[in-house]
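A.B. asks: If you look up Swiss-Prot, you'll see 104-287 marked as domain 'ATP-grasp'. Taken from Swiss-Prot, the feature ATP binding site covers LYS141, GLU178, TYR179, ASP187, ARG211, SER212, ASN213, and the record attributes it to sequence analysis. The Mg(2+) 1 binding site annotation in Swiss-Prot covers ASP248, GLU260 and rests on sequence analysis. Residues or ranges marked as Mn(2+) 1 binding site by Swiss-Prot: ASP248, GLU260. The Mn(2+) 2 binding site annotation in Swiss-Prot covers GLU260, ASN262. For GLU260, ASN262, the entry in Swiss-Prot reads Mg(2+) 2 binding site.
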Amino acid sequence: MKIGILSQFPELYSTRRLVAACESRGHEAVVINTLNCYMNINSIKPSIHYQGQELTGFDAIIPRIHASVTFYGCAVVRQFEMMGVFAANDSISIARSRDKLRALQLLSRKGIGMPITGFANKPNDIPDLINMVGGAPLVIKLLEGTQGIGVVLAETKTAAESVIEAFLGLKANIMLQEYIKESNGSDIRCFVVGDKVVASMKRQGPEGDFRSNLHLGGCGEKVKITPKERKMAVAAVKAMGLVVAGVDILRSNRGPLILEVNSAPGIEGIEQTTGISVTEPIVEYIEKMVLAQKSNRPVIA
């Protein structure tokens, strides 16, 4: 097969590992910078061009769309879909998961546990919003933030009001979430492919920081997840319509809570922490789906 890897960063560990996984299974892997693609949108033969040439002959793509280019990246993925190319994560699912508020609403609809979350537009709604999520301490998040950036822990009601007013004054979209103190600055990252959790790790934030993101200096360690956590992770991915995703879970006194579903999860941290390849299952899943697509038969993922 000919598999395109949509990534702005060919030198990244994640990109290199995906290329290696494709090639080790006998496939041709082509890294395509998403932002350098341009599209011919028509009703007869939609196409994508890249560096002056039309992209043809692709059986599948693996989107690694950076959050900062979600709109254009989803347009490129959608164009590949219109050309009949299988996408490991389709454009609609990526867009769903990137809209943090919409993602939480979808999880809520499916009855999947998550931290109590509040969202408002007007400053005079702030006091009631704070009470709604259980009062201080509480977490304030920018909807557009990624990798722990734009996430603030407000220890008191006064601090929360000040931060919220400042964000709203900048016309920023924010949401409030209850603070799960018992998680102690840690979470569980589950790497899901299809209907399986192929690897999982516990992430612990640096001392004094409640955020567990590895990009912010957190560390990872192997962890054994419970059957309930495994089931919740897969259910959360399905709620988004994704195939490949990272699911972040908080362990709380009332059970596991889904924090986020990431459509382009980091690969380096979880592979180096667990010693498990997460890229091979991705390619294996693509093989199964493309074969089924070509033979026009249903697949049991």
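The backbone N, Cα and C atoms fix where each Cβ goes, and this holds for glycine too.
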A.B. asks: Just jot down the residues in the same chain as GLU178 (ATP binding site), at least 6 apart in sequence, with C-beta under 8 A of its C-beta; none if empty.
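C.D. replies: The answer is PRO115, ILE116, THR117, VAL133, GLY134, LEU138, VAL139.
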A.B. asks: Rounded to a whole angstrom, what is the C-alpha distance between ASP248 (Mg(2+) 1 binding site) and ASN262 (Mn(2+) 2 binding site)?
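C.D. replies: Cα of ASP248 (Mg(2+) 1 binding site) to Cα of ASN262 (Mn(2+) 2 binding site) measures 8 Å after rounding.
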A.B. asks: Cα-Cα, whole number of Å: GLU260 (Mg(2+) 1 binding site) versus LYS141 (ATP binding site)?
C.D. replies: 12
A.B. asks: As a test of reading the model: what is the averaged pLDDT for the domain 'ATP-grasp' (104-287)?
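C.D. replies: PLDDT averaged over the stretch: 90.
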A.B. asks: For TYR179 (ATP binding site), name the DSSP secondary structure in the helix/strand/coil scheme.
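C.D. replies: In the DSSP reduction, TYR179 (ATP binding site) maps to coil.
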A.B. asks: Roughly how many Å separate the Cα of TYR179 (ATP binding site) from that of ASN262 (Mn(2+) 2 binding site), to the nearest whole number?
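C.D. replies: Taking the Cα atoms only, TYR179 (ATP binding site) lies 20 Å from ASN262 (Mn(2+) 2 binding site).
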A.B. asks: Report, as a single number, how many Cβ atoms besides its own are within 10 Å of the Cβ of GLU260 (Mg(2+) 1 binding site).
C.D. replies: 22
A.B. asks: What is the Cβ neighbour count of ASP187 (ATP binding site) at a 10 Å cut-off, with all protein chains included?
C.D. replies: 24
A.B. asks: Where LYS141 (ATP binding site) and ASN262 (Mn(2+) 2 binding site) are concerned, what is their Cα separation in Å, rounded?
C.D. replies: 16
A.B. asks: Any idea what the Cα distance is from ASN262 (Mn(2+) 2 binding site) over to ASP187 (ATP binding site), rounded to a whole Å?
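C.D. replies: Computed Cα spacing between ASN262 (Mn(2+) 2 binding site) and ASP187 (ATP binding site) is 14 Å.
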